[in-house]
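Enquirer: First the structure, which I've put down as C-alpha coordinates, then a few questions once you've had a look.
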Amino acid sequence: MSRLVVVSNRIAPPDEHAASAGGLAVGILGALKAAGGLWFGWSGETGNEDQPLKKVKKGNITWASFNLSEQDLDEYYNQFSNAVLWPAFHYRLDLVQFQRPAWDGYLRVNALLADKLLPLLQDDDIIWIHDYHLLPFAHELRKRGVNNRIGFLLHIPFPTPEIFNALPTYDTLLEQLCDYDLLGFQTENDRLAFLDCLSNLTRVTTRSAKSHTAWGKAFRTEVYPIGIEPKEIAKQAAGPLPPKLAQLKAELKNVQNIFSVERLDYSKGLPERFLAYEALLEKYPQHHGKIRYTQIAPTSRGDVQAYQDIRHQLENEAGRINGKYGQLGWTPLYYLNQHFDRKLLMKIFRYSDVGLVTPLRDGMNLVAKEYVAAQDPANPGVLVLSQFAGAANELTSALIVNPYDRDEVAAALDRALTMSLAERISRHAEMLDVIVKNDINHWQECFISDLKQIVPRSAESQQRDKVATFPKLA
(Lines of atoms letter the chains of each structure in order from A and count residues from 1; the text may use other names and numbers.)
(Lines give C-alpha, C1' and ligand atoms only; values in the text may rest on other atoms or scores of the structure.)
Protein backbone atom coordinates (compact mmCIF):
# COMPACT_ATOMS: atom_id res chain seq x y z
CA MET A 1 0.00 0.00 0.00
CA SER A 2 1.37 3.39 -1.01
CA ARG A 3 2.35 5.76 1.77
CA LEU A 4 0.84 9.27 1.90
CA VAL A 5 3.16 12.28 2.21
CA VAL A 6 1.46 15.57 3.08
CA VAL A 7 3.29 18.90 2.71
CA SER A 8 1.88 22.15 4.09
CA ASN A 9 3.36 25.45 5.19
CA ARG A 10 2.69 24.63 8.85
CA ILE A 11 2.05 21.28 10.50
CA ALA A 12 -0.26 20.58 13.42
CA PRO A 13 1.60 19.36 16.54
CA PRO A 14 1.57 15.57 17.00
CA ASP A 15 -0.57 15.40 20.12
CA GLU A 16 -4.13 14.51 20.97
CA HIS A 17 -5.20 18.15 20.65
CA ALA A 18 -3.76 18.60 17.15
CA ALA A 19 -7.12 18.48 15.44
CA SER A 20 -8.95 20.56 18.02
CA ALA A 21 -8.84 23.60 15.76
CA GLY A 22 -10.72 21.67 13.07
CA GLY A 23 -10.41 22.36 9.36
CA LEU A 24 -7.37 21.19 7.45
CA ALA A 25 -5.71 19.37 10.36
CA VAL A 26 -8.69 17.05 10.78
CA GLY A 27 -8.73 16.10 7.10
CA ILE A 28 -4.99 15.57 6.86
CA LEU A 29 -4.81 13.44 10.00
CA GLY A 30 -7.73 11.35 8.79
CA ALA A 31 -5.98 10.68 5.48
CA LEU A 32 -2.65 9.92 7.17
CA LYS A 33 -4.20 7.51 9.67
CA ALA A 34 -5.89 5.62 6.84
CA ALA A 35 -2.77 5.21 4.70
CA GLY A 36 0.11 5.79 7.09
CA GLY A 37 2.77 8.27 6.12
CA LEU A 38 4.50 11.57 6.67
CA TRP A 39 3.42 15.15 7.42
CA PHE A 40 6.16 17.57 6.40
CA GLY A 41 6.20 21.32 7.06
CA TRP A 42 7.64 24.34 8.81
CA SER A 43 8.01 24.09 12.59
CA GLY A 44 6.78 27.63 13.17
CA GLU A 45 10.21 28.60 14.50
CA THR A 46 13.14 30.53 13.09
CA GLY A 47 16.67 29.24 13.42
CA ASN A 48 19.44 27.40 11.65
CA GLU A 49 18.07 25.85 8.46
CA ASP A 50 20.96 23.38 8.35
CA GLN A 51 19.83 21.62 11.51
CA PRO A 52 18.48 18.07 11.04
CA LEU A 53 14.74 17.71 10.64
CA LYS A 54 12.81 17.30 13.87
CA LYS A 55 10.94 13.99 13.59
CA VAL A 56 8.19 12.59 15.81
CA LYS A 57 6.41 9.29 15.15
CA LYS A 58 3.07 8.28 16.63
CA GLY A 59 1.40 5.15 15.34
CA ASN A 60 1.70 5.02 11.56
CA ILE A 61 2.29 8.78 11.15
CA THR A 62 5.62 10.63 11.17
CA TRP A 63 5.82 14.41 11.63
CA ALA A 64 8.92 16.04 10.12
CA SER A 65 9.49 19.75 10.65
CA PHE A 66 12.23 22.27 9.93
CA ASN A 67 13.23 25.80 10.90
CA LEU A 68 13.53 28.77 8.55
CA SER A 69 16.00 31.62 8.77
CA GLU A 70 14.63 35.08 9.54
CA GLN A 71 15.36 36.22 5.98
CA ASP A 72 13.74 33.21 4.33
CA LEU A 73 10.66 33.45 6.51
CA ASP A 74 10.28 37.14 5.80
CA GLU A 75 10.73 36.89 2.02
CA TYR A 76 8.90 33.60 1.39
CA TYR A 77 6.07 33.96 3.90
CA ASN A 78 5.54 37.63 4.75
CA GLN A 79 6.67 39.46 1.63
CA PHE A 80 5.55 37.09 -1.13
CA SER A 81 2.96 34.59 0.13
CA ASN A 82 1.07 37.11 2.23
CA ALA A 83 1.88 40.44 0.57
CA VAL A 84 1.58 39.30 -3.06
CA LEU A 85 -0.30 36.02 -3.48
CA TRP A 86 -2.88 36.47 -0.72
CA PRO A 87 -4.17 39.90 -1.84
CA ALA A 88 -3.98 39.01 -5.54
CA PHE A 89 -5.86 35.74 -5.13
CA HIS A 90 -8.51 37.64 -3.14
CA TYR A 91 -8.86 40.21 -5.96
CA ARG A 92 -7.05 43.03 -4.14
CA LEU A 93 -4.35 44.09 -6.60
CA ASP A 94 -4.26 47.48 -4.87
CA LEU A 95 -2.70 45.77 -1.84
CA VAL A 96 -0.09 43.74 -3.74
CA GLN A 97 3.48 44.74 -2.83
CA PHE A 98 5.65 42.91 -5.34
CA GLN A 99 9.40 42.95 -4.72
CA ARG A 100 11.86 40.92 -6.77
CA PRO A 101 13.92 39.79 -3.72
CA ALA A 102 10.72 38.40 -2.16
CA TRP A 103 10.00 36.41 -5.33
CA ASP A 104 13.54 35.06 -5.27
CA GLY A 105 13.07 34.12 -1.61
CA TYR A 106 9.78 32.36 -2.38
CA LEU A 107 11.46 30.20 -5.03
CA ARG A 108 14.51 29.65 -2.82
CA VAL A 109 12.47 28.33 0.10
CA ASN A 110 10.42 26.02 -2.12
CA ALA A 111 13.70 24.63 -3.47
CA LEU A 112 15.06 24.28 0.07
CA LEU A 113 12.00 22.33 1.18
CA ALA A 114 12.30 20.03 -1.82
CA ASP A 115 15.92 19.33 -0.85
CA LYS A 116 14.85 18.51 2.71
CA LEU A 117 11.94 16.28 1.67
CA LEU A 118 13.78 14.36 -1.07
CA PRO A 119 15.71 11.94 1.22
CA LEU A 120 12.48 11.02 3.01
CA LEU A 121 10.58 9.98 -0.11
CA GLN A 122 9.93 6.42 -1.22
CA ASP A 123 9.30 5.39 -4.82
CA ASP A 124 5.60 4.62 -4.39
CA ASP A 125 4.71 7.54 -2.10
CA ILE A 126 1.66 9.61 -2.98
CA ILE A 127 2.39 13.30 -2.32
CA TRP A 128 -0.29 15.85 -1.39
CA ILE A 129 0.73 19.54 -1.33
CA HIS A 130 -1.39 22.27 0.24
CA ASP A 131 -2.00 25.90 -0.58
CA TYR A 132 -0.51 29.03 -2.09
CA HIS A 133 2.77 28.99 -0.17
CA LEU A 134 3.87 25.98 -2.22
CA LEU A 135 2.76 26.65 -5.80
CA PRO A 136 6.22 25.79 -7.29
CA PHE A 137 6.86 22.78 -5.04
CA ALA A 138 6.08 20.03 -7.57
CA HIS A 139 8.34 21.76 -10.09
CA GLU A 140 11.22 21.62 -7.61
CA LEU A 141 10.58 17.94 -6.92
CA ARG A 142 10.44 17.13 -10.65
CA LYS A 143 13.80 18.89 -11.13
CA ARG A 144 15.20 16.48 -8.55
CA GLY A 145 13.93 13.43 -10.42
CA VAL A 146 10.75 12.75 -8.43
CA ASN A 147 8.20 10.96 -10.64
CA ASN A 148 5.72 10.14 -7.88
CA ARG A 149 2.09 11.14 -8.13
CA ILE A 150 1.84 14.70 -6.77
CA GLY A 151 -1.44 16.45 -6.02
CA PHE A 152 -2.09 20.06 -5.05
CA LEU A 153 -5.06 21.57 -3.23
CA LEU A 154 -5.63 25.33 -3.27
CA HIS A 155 -7.62 26.50 -0.24
CA ILE A 156 -8.12 30.10 -1.40
CA PRO A 157 -9.78 31.46 -4.57
CA PHE A 158 -7.98 31.35 -7.92
CA PRO A 159 -8.38 34.73 -9.65
CA THR A 160 -9.48 35.38 -13.21
CA PRO A 161 -6.88 36.26 -15.90
CA GLU A 162 -7.25 40.03 -15.63
CA ILE A 163 -6.19 39.73 -11.97
CA PHE A 164 -3.72 36.85 -12.03
CA ASN A 165 -1.93 37.99 -15.18
CA ALA A 166 -1.13 41.31 -13.51
CA LEU A 167 1.39 39.52 -11.30
CA PRO A 168 4.87 40.03 -12.78
CA THR A 169 5.69 36.32 -12.37
CA TYR A 170 2.34 34.87 -13.44
CA ASP A 171 3.78 32.96 -16.39
CA THR A 172 6.38 31.14 -14.29
CA LEU A 173 3.82 30.23 -11.64
CA LEU A 174 1.39 28.84 -14.20
CA GLU A 175 4.00 26.70 -15.93
CA GLN A 176 5.25 25.36 -12.60
CA LEU A 177 1.72 24.47 -11.48
CA CYS A 178 1.48 22.14 -14.45
CA ASP A 179 4.11 19.91 -12.84
CA TYR A 180 1.40 18.63 -10.51
CA ASP A 181 -0.55 15.56 -11.61
CA LEU A 182 -3.77 16.71 -9.96
CA LEU A 183 -4.79 20.31 -9.24
CA GLY A 184 -7.68 20.69 -6.81
CA PHE A 185 -9.78 23.84 -6.32
CA GLN A 186 -12.54 24.84 -3.91
CA THR A 187 -15.10 25.74 -6.60
CA GLU A 188 -15.75 25.21 -10.29
CA ASN A 189 -15.26 28.95 -10.86
CA ASP A 190 -11.74 28.68 -9.42
CA ARG A 191 -10.94 25.69 -11.64
CA LEU A 192 -12.16 27.47 -14.75
CA ALA A 193 -10.29 30.65 -13.81
CA PHE A 194 -7.05 28.66 -13.65
CA LEU A 195 -7.69 27.13 -17.08
CA ASP A 196 -8.56 30.55 -18.51
CA CYS A 197 -5.27 31.96 -17.21
CA LEU A 198 -3.42 29.02 -18.70
CA SER A 199 -5.16 29.28 -22.08
CA ASN A 200 -4.24 32.96 -22.29
CA LEU A 201 -0.58 32.03 -21.97
CA THR A 202 -0.11 28.79 -23.88
CA ARG A 203 -1.90 26.10 -25.86
CA VAL A 204 -3.90 23.81 -23.60
CA THR A 205 -5.03 20.45 -24.95
CA THR A 206 -8.03 18.97 -23.17
CA ARG A 207 -8.10 15.19 -23.51
CA SER A 208 -11.31 14.80 -21.52
CA ALA A 209 -13.46 17.16 -19.47
CA LYS A 210 -10.85 17.57 -16.74
CA SER A 211 -7.65 16.09 -18.20
CA HIS A 212 -5.30 18.54 -19.87
CA THR A 213 -1.84 18.99 -21.37
CA ALA A 214 0.21 22.20 -21.41
CA TRP A 215 3.92 22.59 -22.19
CA GLY A 216 3.97 18.83 -22.77
CA LYS A 217 2.87 18.18 -19.17
CA ALA A 218 -0.26 16.13 -18.47
CA PHE A 219 -2.43 16.98 -15.46
CA ARG A 220 -5.99 16.82 -14.17
CA THR A 221 -8.12 19.54 -12.60
CA GLU A 222 -10.97 18.88 -10.19
CA VAL A 223 -13.13 20.55 -7.54
CA TYR A 224 -12.83 19.49 -3.88
CA PRO A 225 -14.84 21.75 -1.55
CA ILE A 226 -13.41 21.26 1.93
CA GLY A 227 -15.82 20.13 4.64
CA ILE A 228 -16.08 20.00 8.41
CA GLU A 229 -16.87 17.47 11.17
CA PRO A 230 -20.62 18.11 11.62
CA LYS A 231 -21.17 15.48 14.32
CA GLU A 232 -18.28 16.74 16.44
CA ILE A 233 -19.43 20.34 16.07
CA ALA A 234 -23.00 19.44 17.03
CA LYS A 235 -21.66 17.65 20.09
CA GLN A 236 -19.58 20.68 21.13
CA ALA A 237 -22.48 23.07 20.54
CA ALA A 238 -25.02 21.04 22.52
CA GLY A 239 -22.91 20.65 25.66
CA PRO A 240 -23.56 22.61 28.87
CA LEU A 241 -22.91 26.34 28.78
CA PRO A 242 -20.14 27.90 30.87
CA PRO A 243 -21.61 29.94 33.77
CA LYS A 244 -20.87 33.35 32.22
CA LEU A 245 -22.42 32.39 28.88
CA ALA A 246 -25.45 30.90 30.61
CA GLN A 247 -25.93 34.15 32.52
CA LEU A 248 -25.60 36.20 29.32
CA LYS A 249 -28.11 33.96 27.54
CA ALA A 250 -30.60 34.55 30.35
CA GLU A 251 -30.06 38.31 30.22
CA LEU A 252 -30.60 38.35 26.45
CA LYS A 253 -33.61 36.04 26.35
CA ASN A 254 -35.73 38.76 24.73
CA VAL A 255 -32.99 39.90 22.33
CA GLN A 256 -32.30 38.36 18.92
CA ASN A 257 -28.61 37.82 18.34
CA ILE A 258 -26.73 38.31 15.08
CA PHE A 259 -23.28 36.75 15.28
CA SER A 260 -20.11 36.79 13.17
CA VAL A 261 -16.61 35.49 13.77
CA GLU A 262 -13.49 35.45 11.60
CA ARG A 263 -9.93 36.62 11.86
CA LEU A 264 -9.32 40.27 11.10
CA ASP A 265 -8.66 40.35 7.35
CA TYR A 266 -9.56 42.72 4.53
CA SER A 267 -11.01 39.82 2.51
CA LYS A 268 -13.77 39.24 5.08
CA GLY A 269 -15.79 42.35 4.29
CA LEU A 270 -16.07 43.61 7.86
CA PRO A 271 -16.39 47.37 7.16
CA GLU A 272 -19.07 46.64 4.56
CA ARG A 273 -20.83 44.39 7.09
CA PHE A 274 -20.89 47.13 9.72
CA LEU A 275 -22.44 49.52 7.21
CA ALA A 276 -25.04 46.91 6.26
CA TYR A 277 -25.97 46.53 9.92
CA GLU A 278 -26.28 50.30 10.16
CA ALA A 279 -28.63 50.18 7.16
CA LEU A 280 -30.73 47.60 9.05
CA LEU A 281 -31.00 49.93 12.04
CA GLU A 282 -31.87 52.86 9.79
CA LYS A 283 -34.45 51.18 7.54
CA TYR A 284 -36.02 48.77 10.02
CA PRO A 285 -36.38 50.75 13.27
CA GLN A 286 -38.80 48.15 14.65
CA HIS A 287 -35.72 46.11 15.63
CA HIS A 288 -34.28 48.82 17.87
CA GLY A 289 -33.69 47.53 21.37
CA LYS A 290 -34.56 43.97 20.29
CA ILE A 291 -31.40 42.85 18.46
CA ARG A 292 -27.68 42.73 19.06
CA TYR A 293 -24.88 42.18 16.56
CA THR A 294 -21.68 40.69 17.97
CA GLN A 295 -18.56 40.66 15.78
CA ILE A 296 -15.53 38.69 16.96
CA ALA A 297 -12.42 39.42 14.88
CA PRO A 298 -9.10 38.47 16.48
CA THR A 299 -6.04 40.22 15.07
CA SER A 300 -4.02 38.42 12.41
CA ARG A 301 -0.81 39.72 10.83
CA GLY A 302 -0.95 42.70 13.15
CA ASP A 303 2.40 44.01 11.89
CA VAL A 304 0.99 44.58 8.37
CA GLN A 305 -0.30 48.11 7.73
CA ALA A 306 -3.42 46.99 5.83
CA TYR A 307 -4.52 44.97 8.85
CA GLN A 308 -3.80 47.81 11.26
CA ASP A 309 -5.87 50.12 9.07
CA ILE A 310 -8.91 47.84 9.04
CA ARG A 311 -8.73 47.37 12.81
CA HIS A 312 -8.81 51.12 13.40
CA GLN A 313 -11.60 51.52 10.85
CA LEU A 314 -13.76 48.91 12.60
CA GLU A 315 -13.16 50.45 16.02
CA ASN A 316 -14.24 53.85 14.70
CA GLU A 317 -17.30 52.47 12.89
CA ALA A 318 -18.47 50.48 15.93
CA GLY A 319 -18.21 53.58 18.11
CA ARG A 320 -20.00 55.74 15.57
CA ILE A 321 -22.89 53.26 15.07
CA ASN A 322 -23.36 52.72 18.79
CA GLY A 323 -23.23 56.46 19.41
CA LYS A 324 -25.86 57.07 16.75
CA TYR A 325 -28.33 54.29 17.55
CA GLY A 326 -27.54 53.12 21.08
CA GLN A 327 -29.93 53.71 23.97
CA LEU A 328 -29.73 53.44 27.74
CA GLY A 329 -29.63 49.71 28.39
CA TRP A 330 -29.09 48.80 24.72
CA THR A 331 -25.83 48.65 22.76
CA PRO A 332 -26.62 47.53 19.20
CA LEU A 333 -23.10 46.44 18.15
CA TYR A 334 -20.42 44.60 20.11
CA TYR A 335 -17.01 44.42 18.42
CA LEU A 336 -14.44 42.16 20.10
CA ASN A 337 -10.88 42.14 18.79
CA GLN A 338 -9.81 39.02 20.69
CA HIS A 339 -9.50 35.25 20.42
CA PHE A 340 -12.16 32.85 21.72
CA ASP A 341 -11.90 29.09 22.24
CA ARG A 342 -13.37 27.21 19.29
CA LYS A 343 -15.60 25.00 21.45
CA LEU A 344 -17.08 28.09 23.08
CA LEU A 345 -17.77 29.60 19.66
CA MET A 346 -19.78 26.52 18.67
CA LYS A 347 -22.02 27.08 21.71
CA ILE A 348 -22.42 30.76 20.83
CA PHE A 349 -23.37 29.74 17.27
CA ARG A 350 -26.14 27.53 18.66
CA TYR A 351 -27.74 30.39 20.57
CA SER A 352 -27.43 32.96 17.77
CA ASP A 353 -30.54 33.71 15.76
CA VAL A 354 -28.57 34.81 12.68
CA GLY A 355 -25.14 33.81 11.42
CA LEU A 356 -23.73 36.65 9.31
CA VAL A 357 -20.95 35.48 6.96
CA THR A 358 -20.28 38.01 4.20
CA PRO A 359 -16.69 37.88 2.90
CA LEU A 360 -15.83 39.88 -0.19
CA ARG A 361 -13.98 36.83 -1.49
CA ASP A 362 -13.33 33.47 0.17
CA GLY A 363 -12.12 30.08 -1.01
CA MET A 364 -14.71 28.21 1.03
CA ASN A 365 -15.44 29.70 4.50
CA LEU A 366 -15.85 26.93 7.04
CA VAL A 367 -17.47 29.27 9.58
CA ALA A 368 -20.64 29.18 7.47
CA LYS A 369 -20.71 25.38 7.59
CA GLU A 370 -19.87 25.32 11.29
CA TYR A 371 -22.74 27.70 12.05
CA VAL A 372 -25.20 25.36 10.32
CA ALA A 373 -23.79 22.26 12.04
CA ALA A 374 -24.00 23.91 15.48
CA GLN A 375 -27.73 24.72 15.27
CA ASP A 376 -30.54 23.00 17.14
CA PRO A 377 -32.47 21.29 14.30
CA ALA A 378 -35.74 21.93 16.14
CA ASN A 379 -35.11 25.69 16.43
CA PRO A 380 -32.28 26.67 14.08
CA GLY A 381 -30.89 30.08 13.30
CA VAL A 382 -30.66 31.55 9.80
CA LEU A 383 -27.45 31.83 7.77
CA VAL A 384 -26.89 35.02 5.75
CA LEU A 385 -24.07 34.21 3.33
CA SER A 386 -22.03 36.10 0.74
CA GLN A 387 -22.33 34.98 -2.86
CA PHE A 388 -18.54 35.31 -3.07
CA ALA A 389 -17.84 32.62 -0.46
CA GLY A 390 -17.11 29.19 -1.90
CA ALA A 391 -19.63 27.76 0.58
CA ALA A 392 -22.44 29.55 -1.29
CA ASN A 393 -22.16 26.92 -4.03
CA GLU A 394 -23.21 24.23 -1.53
CA LEU A 395 -25.32 26.08 1.06
CA THR A 396 -27.92 27.29 -1.41
CA SER A 397 -30.64 27.38 1.27
CA ALA A 398 -28.87 30.20 3.07
CA LEU A 399 -29.96 33.77 2.37
CA ILE A 400 -27.38 34.56 -0.32
CA VAL A 401 -26.36 38.23 -0.59
CA ASN A 402 -23.97 40.55 -2.38
CA PRO A 403 -21.76 41.93 0.43
CA TYR A 404 -21.17 45.14 -1.52
CA ASP A 405 -24.91 45.91 -1.43
CA ARG A 406 -25.60 47.09 2.13
CA ASP A 407 -29.33 47.48 1.48
CA GLU A 408 -29.61 43.90 0.22
CA VAL A 409 -27.74 42.61 3.27
CA ALA A 410 -29.95 44.71 5.56
CA ALA A 411 -33.08 43.30 3.90
CA ALA A 412 -31.73 39.75 4.31
CA LEU A 413 -31.07 40.41 8.00
CA ASP A 414 -34.62 41.67 8.46
CA ARG A 415 -35.95 38.58 6.69
CA ALA A 416 -33.78 36.30 8.84
CA LEU A 417 -34.95 37.98 12.05
CA THR A 418 -38.62 37.58 11.09
CA MET A 419 -38.49 34.16 9.38
CA SER A 420 -41.03 31.56 10.50
CA LEU A 421 -39.92 28.48 12.41
CA ALA A 422 -41.12 26.18 9.62
CA GLU A 423 -38.99 27.95 7.00
CA ARG A 424 -35.98 28.04 9.31
CA ILE A 425 -36.25 24.29 9.93
CA SER A 426 -36.62 23.55 6.21
CA ARG A 427 -33.65 25.67 5.15
CA HIS A 428 -31.45 24.30 7.92
CA ALA A 429 -32.30 20.67 7.11
CA GLU A 430 -31.35 21.16 3.45
CA MET A 431 -27.99 22.73 4.35
CA LEU A 432 -27.19 20.19 7.06
CA ASP A 433 -27.82 17.34 4.63
CA VAL A 434 -25.19 18.78 2.26
CA ILE A 435 -22.69 19.32 5.08
CA VAL A 436 -23.09 15.78 6.41
CA LYS A 437 -22.67 14.21 2.96
CA ASN A 438 -19.66 16.36 2.07
CA ASP A 439 -17.85 16.25 5.40
CA ILE A 440 -14.09 16.53 5.95
CA ASN A 441 -13.48 12.80 5.56
CA HIS A 442 -15.42 12.66 2.30
CA TRP A 443 -13.28 15.57 1.07
CA GLN A 444 -9.92 13.95 1.75
CA GLU A 445 -11.08 10.50 0.57
CA CYS A 446 -12.19 11.94 -2.80
CA PHE A 447 -8.89 13.73 -3.36
CA ILE A 448 -6.71 10.77 -2.37
CA SER A 449 -8.82 8.36 -4.45
CA ASP A 450 -8.47 10.54 -7.55
CA LEU A 451 -4.73 10.99 -7.02
CA LYS A 452 -4.21 7.23 -6.68
CA GLN A 453 -5.88 6.65 -10.05
CA ILE A 454 -3.28 8.73 -11.87
CA VAL A 455 -0.47 6.82 -13.57
CA PRO A 456 2.91 7.86 -12.10
CA ARG A 457 5.10 9.79 -14.54
CA SER A 458 7.80 7.11 -14.49
CA ALA A 459 5.26 4.51 -15.64
CA GLU A 460 3.89 6.92 -18.25
CA SER A 461 7.35 7.46 -19.72
CA GLN A 462 7.97 3.71 -19.83
CA GLN A 463 4.71 3.22 -21.72
CA ARG A 464 5.69 5.93 -24.22
CA ASP A 465 9.10 4.32 -24.69
CA LYS A 466 7.47 0.97 -25.48
CA VAL A 467 5.14 2.55 -27.99
CA ALA A 468 8.01 4.39 -29.67
CA THR A 469 10.30 1.31 -29.91
CA PHE A 470 10.13 -0.74 -33.09
CA PRO A 471 11.97 -3.98 -33.94
CA LYS A 472 14.94 -3.44 -36.18
CA LEU A 473 14.22 -4.34 -39.79
CA ALA A 474 16.33 -7.16 -41.22
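Backbone N, Cα and C define each Cβ position, glycine as well.
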Enquirer: Starting from the D-glucose 6-phosphate binding annotation in Swiss-Prot that includes R10, D131, R301, which of Y77, Y351, Y371 is the extra site residue?
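Expert: Checking Y77, Y351, Y371 against Swiss-Prot: the D-glucose 6-phosphate site match is Y77.
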Enquirer: What does DSSP call R10 (D-glucose 6-phosphate binding site) in the simple three-state scheme?
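Expert: It is in a strand.
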Enquirer: For each of R10, R263, R301, K369, count the other CB atoms within 10 A of its CB; which of these binding-site residues has the top count?
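Expert: Sorting the candidates by Cβ neighbours within 10 Å, the top entry is K369.
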Enquirer: Considering only the binding-site residues R10, D131, V367, which fall within 10 Å of I156 (site 'Involved in alpha anomer selectivity') when distances are taken between Cα atoms?
Expert: D131
Enquirer: Around the D-glucose 6-phosphate site (R10, Y77, D131, R301), what further same-chain residues have their C-beta within 8 angstroms of the site's C-beta centre?
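Expert: My list of surrounding residues reads N9, S81, N82, H133.
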Enquirer: Rounded to the nearest Å, what's the C-alpha distance separating W86 (site 'Involved in alpha anomer selectivity') and R263 (UDP-alpha-D-glucose binding site)? Just drop the number here, would you?
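Expert: Distance between the two Cα atoms comes out at 14 Å.
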Enquirer: Cα distance, R263 (UDP-alpha-D-glucose binding site) to R301 (D-glucose 6-phosphate binding site), nearest Å?
Expert: 10
